[in-house]
Amino acid sequence: MAEYIVAIDQGTTSTRAIIFDKSGSIVSTGQLEHEQIFPKPGWVEHNPVEIWNNTREVIGQALSKADLTRHDIAAVGITNQRETAVVWDKNTGEPVYNAIVWQDTRTQPIVDRLAAEGGVERFKPIVGLPLATYFSGTKIVWILENVEGVRERAERGDLLFGTTESWVLWNLTGGTDGGVHATDVTNASRTLFMDLETLSWRDDILDVFGVPKSMLPEIKSSSEVYGAVESSSLLREVPVAGILGDQQAATFGQAAFDPGESKNTYGTGNFLIFNTGEEIVHSKNGLLTTLGYKLGDGKPHYALEGSIAVTGSLVQWLRDNLGVISSAPEIEELAQTVEDNGGAYFVPALSGLFAPYWRADARGALVGLTRYVNKGHIARAALEATAFQTREVLDAVNADSGVDLTELKVDGGMIANNTLMQFQADILGVPVVRPVVAETTALGAAYAAGLATGFWENLDDLRKNWKEDRRWEPKMDAAERDRQLRLWKKAVTKTFDWVDDDVRNG
């Protein structure tokens with residue numbers, strides 16, 4: 001009897017395979033980082049071949065650590081960094097260009113061109129998203145327009161597009177030898193091409209973008225058998241049965257299945273998702289309307305999302321670019337050497353600002369500096385930036401939904417940072433709750449795969465698995481909270497309109 005599920009978590013900085021048991025507990029993990037490629041300012045790329053090779057290797061790591069074989073595995077689930085665009089040749093399996101990552105801002109001129117008629121919200125009533133460099137659609141256009149010969153090959157029907165889950169699925173299920181070219185509704189909802197109501201590609205929008213429909217994957221639910229593993233002998237014949245974009249997967253892994261439930265993931269960026277149930281809620285406050293999940297033939301569940309571009313990656317930047325710390329966990333020790341931020345505020349608009357501002361022209365700023373400020377204050381200001389940005393997104397959720405959040409469920413790498421979690425509770429004025437299993441992204445993908453294959457029977461099975469690990473209660477008084485928020489918002493305004501038109505369009 002197969003007692004376990006493998007979740008492949010293809011993230012922004014690494015690819016992991018995590019094996020879960022029926023209780024949702026982690027049995028073993030394999031993980032490999034991949035190279036972050038920065039060819040020019042604002043450009044971020046990954047090598048898709050490296051990602052696929054790493055995927056195969058981490059599956060082997062996880063299985064060998066747990067001393068398991070394919071016969072012990074009931075199903076495979078995939079979760080992924082969303083929006084990151086891969087275009088490859090279906091005949092050779094070779095990518096035509098590196099994957100263009102969600103953080104990449106090179107497509108701003110394409111966004112401006114598309115927004116010239118109808119503005120950045122031109123397609124928002126249909127797809128739930130503003131025109132922005134963040135989403136896959138403009139990245140595909142850039143590859144079609146800038147890589148030699150690609151437009152002609154795409155028109156001939158030789159090229160396929162997918163976000164990284166599609167790339168991994170296609171390779172896992174056979175690649176050039178019958179690989180399944182599919183995506184799920186959550187990932188499809190991040191392209192700018194999918195109609196939120198019909199859950200299908202919009203021909204009229206594809207025509208405006210100039211993207212051949214033949215490139216696009218088939219849209220499926222988040223929980224069904226897409227195909228069986230072929231090429232990886234370690235998991236041969238195991239069904240691939242769950243796909244969720246990483247933030248939707250984390251929401252699913254937090255058992256936030258019902259309207260009004262939410263979670264905030266602290267990773268490279270931060271992503272707050274608020275479940276709106278079967279209702280499509282169009283934001284008036286800078287949030288995205290997106291798919292939450294769709295289980296097999298069931299009705300789709302929708303969500304509001306606040307995406308923050310730079311949170312955990314600010315800590316990486318302090319480590320790698322400035323050498324302020326030598327490892328990410330040191331940021332907390334450094335922040336604890338001071339009582340407060342010393343009047344310094346760090347707005348990490350390193351790739352513009354996402355929700356709720358959507359300002360591609362913003363750039364990072366460290367403000368409020370005096371001779372008093374030291375690196376401890378800067379470390380604290382960097383951590384606090386994550387909490388302030390989360391507060392602004394939550395304010396937008398409250399305004400759109402009319403529901404005030406009573407507590408915030410959290411997950412992701414940064415929730416190990418107790419200093420940050422306490423400040424988050426302080427600046428929100430509501431408790432922050434951490435689950436026992438912090439790897440909720442991979443867990444969500446495992447849940448989707450397990451539901452499709454009968455490993456778990458229903459959502460109640462999954463709710464029983466969720467357990468609280470720790471809770472932080474707010475300690476800051478309201479006057480101090482208001483003062484800090486006022487200064488933060490003042491700091492944010494200093495980052496606007498930083499990119500000159502000649503630079504942006506050059």
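Glycine is no exception: its Cβ is also placed from the backbone N, Cα and C atoms.
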Review point. Which one, TYR134, TYR226, TYR293, TYR302, is listed by Swiss-Prot in the same glycerol site as ARG82, GLU83, ASP246, GLN247?
Key: TYR134
Review point. Since Swiss-Prot lists THR12, ARG16, GLY312, GLY413, ASN417 for ADP, which candidate among THR69, THR265, THR268, THR370 does it give for that site as well?
Key: THR268
Revision key, fill the gap. Integer Å value for the Cα distance linking ARG82 (sn-glycerol 3-phosphate binding site) with GLN247 (glycerol binding site) is 8
Check your understanding: Quick one, of the binding-site residues SER14, ASN417, which Cβ has the fewest other Cβ within 10 Å?
Key -> SER14
Revision key, fill the gap. Whole-Å Cα distance, GLY312 (ADP binding site) to THR13 (ATP binding site), is 11
Review point. Between the binding-site residues GLU83, ASP246, whose Cβ has more other Cβ atoms within 10 Å than any of the rest?
Key: ASP246
Study note, to complete from the structure: Per DSSP (three-state), GLY413 (ADP binding site) is helix
Study note, to complete from the structure: Integer Å value for the Cα distance linking SER14 (ATP binding site) with ASP246 (sn-glycerol 3-phosphate binding site) is 13
Review point. Taking DSSP three-state, what's SER14 (ATP binding site) in: helix, strand or coil?
Key: strand
Review point. For TYR134 (sn-glycerol 3-phosphate binding site), which of the binding-site residues THR13, ARG16, THR268, GLN316, GLY413 has the nearest Cα in space?
Key: THR268
